[in-house]
Amino acid sequence: MPRIVYCAFCGSPIKPGEGISYVKNDGTVLRYCSSKCFKSAIKYHRDPRRQKWVRKQVAHGSS
């Protein structure tokens, strides 16, 4: 049974055979659901918590 992986940027599920796999020099594999997530993470170094369209937003500090 193929397993579902999740996007490293937005956290949405990725079906087998879809998305972009990015392998870093140290061997870690980052999977992205779309080119939008890939470019935001790799090219622009954006923080996913600051993007309104990202699903895996974390609540800001409530201290």
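Placed from the backbone N, Cα and C atoms, the Cβ positions cover glycine too.
In Swiss-Prot this protein carries:
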- CYS7, CYS10, CYS33, CYS37: Zn(2+) binding site (BINDING)
- 7-37: zinc finger (ZN_FING)
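Sequence-distant contacts of the zinc finger (7-37) (same chain, six or more residues past either end, CB-CB distance under 8 Å): 48, 51, 53-56.
With DSSP classes pooled into helix, strand and coil, the tally for the zinc finger (7-37) is 3 helix, 10 strand, 18 coil. Counting other CB atoms no more than 10 Å from each candidate's CB, the binding-site residues CYS10, CYS37 peak at CYS37. Of all Cβ atoms in the shown protein chains, 22 besides its own fall within 10 Å of the Cβ of CYS33 (Zn(2+) binding site). Apart from CYS7, CYS10, CYS33, CYS37, the Zn(2+) site neighbourhood in this chain, defined by C-beta within 8 angstroms of the site C-beta centre, holds TYR6, ALA8, PHE9, GLY11, SER12, ILE14, GLY19, TYR32, SER34, LYS36, VAL54.
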